[in-house]
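These features come from TrEMBL:
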type: BINDING; residues: ASN48, THR63, ARG127; note: IMP binding site
type: BINDING; residues: VAL123, THR124, THR125, GLY126, ARG127, LYS128, ARG129; note: substrate binding site
type: BINDING; residues: ARG129, LYS155, LEU156, ASP157, GLY237, VAL238, GLY239; note: GTP binding site
Amino acid sequence: MGYRYIRSMRLLFVLSMERGCGRWCGMESTTCMRLFMDPQENSGGRANAALLDIDFGTYPFVTSSNCTVGGACTGLGIPPLNIGEVYGVSKAYTTRVGIGAFPTEQLNATGELLQTRGHEVGVTTGRKRRCGWLDLVILRYAHMINGFTAIALTKLDILDVLDEIKVGVAYKINGKRIPHFPANMELLHKVEVEYETFPGWKSDTSAARKWNDLPQKAQNYIRFVENHIGVPIKWVGVGKSRECMIQMF
């Protein structure tokens, strides 16, 4: 996927609660100068998810650096005005490796199914990832910090066999909605998740190569996510290969 920009570079950020698959491109001793002299085809990404950010993540269950968009400026030495497109990357469900609050975690057959079908194993540690429903409270929070211009929603095909699919849309404490993502981790452990439930599409999406190939119920799920967070979904992933990434626009 090639992207041009006038005065910017594109950035990719993983949104789930665990380590992602991105990495910085072109990391050399002359990175800053290369980006300054020839910015047209440069891109950056982060190997850790937004909620592992040392300042804005689920402290103390974080990494030692800034995984959010500001890390591009401090890590690559580029000015904020040179950042153009910011693409968020999220699975169609949520995962996490290790301990820490995980409001939508499913400690049941659904969680096991997501872990098994999604081959959810930590790349570095080899530990099984904890799995749960997509959490739109987290996605909205990540968008607030990073300012996404578009999102790639991956691994939609993992949900193909489910009879129903839930999406976390809000947090409650003592039966009352809270208006934002809690900064207090003790509070995050106590939240009750409010879900929106969708009927499963119960069909194989892995052969889909364009939007109209997806079942209507899958399209409804994607549009709900898009509308709820207020960011266009530009790509939908339905498999491992490059060809399995449906580009929406």
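Note: Cβ is positioned from N, Cα and C throughout, glycine not excepted.
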Record lists ARG129, LYS155, LEU156, ASP157, GLY237, VAL238, GLY239 as binding GTP; longest Cα-Cα distance in Å? 20
Please report the Cα separation of THR125 (substrate binding site) and LYS155 (GTP binding site) in Å, rounded to an integer. 21
Since the record lists THR63, THR124, THR125 as binding-site residues, which of them has the fewest other Cβ atoms within 10 Å of its Cβ? THR124
Using the recorded substrate site (VAL123, THR124, THR125, GLY126, ARG127, LYS128, ARG129) as reference, state which further residues of the same chain have their Cβ within 8 Å of the centre of those residues' Cβ atoms, listed in sequence order. VAL97, VAL121, GLY122
My understanding is the cutoff is Cβ-Cβ under 8 Å with a sequence separation of 6 or more in the same chain; which residues meet that for GLY239 (GTP binding site)? ASP157, SER206
Of THR63, LYS155, LEU156, GLY237, VAL238, which is closest to GLY126 (substrate binding site) if I measure between C-alpha atoms? They're all binding-site residues. THR63
Would you mind ranking the binding-site residues VAL123, LEU156, VAL238 by how many other Cβ atoms sit within 10 Å of each Cβ and giving me the lowest? VAL123
For the binding-site residues listed here, GLY126, GLY237, which shows the highest count of neighbouring CB atoms within 10 A? GLY237
